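Engineer: Provided herewith is a single structure, encoded as structure tokens, for subsequent inquiry.
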Amino acid sequence: MNASQLVAIQVLLDNAAFAALMVATALYWLAAAFRRVPLLHELGTGASAVALLSVTGLLTARWIETDHFPVSNLYESLFFLCWCVLAVHIAAEAFARQRLVGVFTLPVALGMVAFSSLTLSPAMKAGGPLVPALKSNWLMMHVSVMILSYGALMVGSLVSIAFLIVTWKQKDPELRGSSVGTGGFQKAEYTDSESTPPAGSMLSSLGVGGSETTVTLTSATATAGTALRRSNLAETLDNLSYRLIGLGFPLITVGIIAGAVWANEAWGSYWSWDPKETWSLITWFIFAAYLHARITRGWQGRRPATLAAVGFVSVWITYLGVNFLAQGLHSYGWLSGN
């Protein structure tokens, strides 16, 4: 298979990934609006899998074409980041069995593909040989691990943002089962001072008989059921975000260390306060504070979720923002169009 055929395959898979993500995003939003139609969510999951396979095929074709791991320019790295987000999303959804995850993650993945496909110039999309500075075995160790960490941290932060939206009317929701050693995703009890007591206790206090009592009990039971569902949803989102960020943090730590070792080999210095290095350290501290607060201070709920939302912005600044706003050692091959 020659280079032109590989390029044609990449264009086809690029379009397929974009179309699949558009369909998946629409289906997940429809599934959130019409919860009684489970087929919508199943179709959305299938479309997400098609998108993941399309991106996998595109990256594989680019790897064969260029004979190196496809993270040497912005186009390749965006698709690899999209692959990471989709893979983490599908795994998290299967693990937590929570349909709401895709409502937040898939629009982000769609935005990545749309930006790389519709905004970048043909020169920035084209594959080619590595520049001398990137011809190192550290390329895959550093860059791929960093982007993997971005994917996990982004999805974890998006789940935290989902938690903030779900609980925005509750001042201080009480959660259990989200900290270390509390049982993972086991169904936890939820108490809220504003919640309606269970139907059984209301029945004993109100007695039986009388249409007014029956109507009141039915309404109160429905309210309690809605509150319980929302509580279980908040519990799952808080739990899931904690574990995803716990997965991404070691990856970004390893990626930063690998980058420092590579920098010492290439330029004789472990750390040069390059803009991307500086922001990666800021991002590391944000998520280190998140995990420290949860593990040692027992933070749960809105406070760590707010910190994770700040981390989501910091990840984007680290990955993309500094390439637009500053020049440094990490700028070549990303926005230079080489």
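Quick reminder: no glycine exception, Cβ is built from N, Cα and C everywhere.
Feature annotation from Swiss-Prot assigns transmembrane segment to 11-31, 39-59, 76-96, 100-120, 145-165, 244-264, 278-295, 305-325; the stated evidence is sequence analysis.
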Engineer: Sequence-remote contacts (6 or more beyond its ends) of the transmembrane segment (100-120), Cβ cut-off under 8 Å?
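Structural biologist: That would be 14-15, 17-18, 21-22, 24-25, 28-29, 32, 44-45, 48, 51, 55, 74-75, 78-79, 81-82, 85-86, 88-89, 92-93, 154-155, 158-159, 161-162, 166, 233, 237, 240.
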Engineer: For the transmembrane segment (145-165), I need the partner stretch with the highest count of C-beta pairs below 8 angstroms, choosing only from 11-31, 39-59, 76-96, 244-264, 278-295.
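Structural biologist: That would be 244-264.
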Engineer: Between the transmembrane segment (76-96) and the stretches 39-59, 244-264, 278-295, 305-325, work out which stretch tops the count of Cβ pairs under 8 Å.
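Structural biologist: Most contacts with the transmembrane segment (76-96): 39-59.
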Engineer: I need to check the long-range neighbours of the transmembrane segment (11-31): which residues 6 or more away from its ends have a CB within less than 8 Å of a CB in the stretch?
Structural biologist: 37-38, 40-41, 43-45, 47-48, 50-51, 54-55, 57-58, 61, 79, 82, 99, 102-103, 106-107, 109-110, 113-114, 117
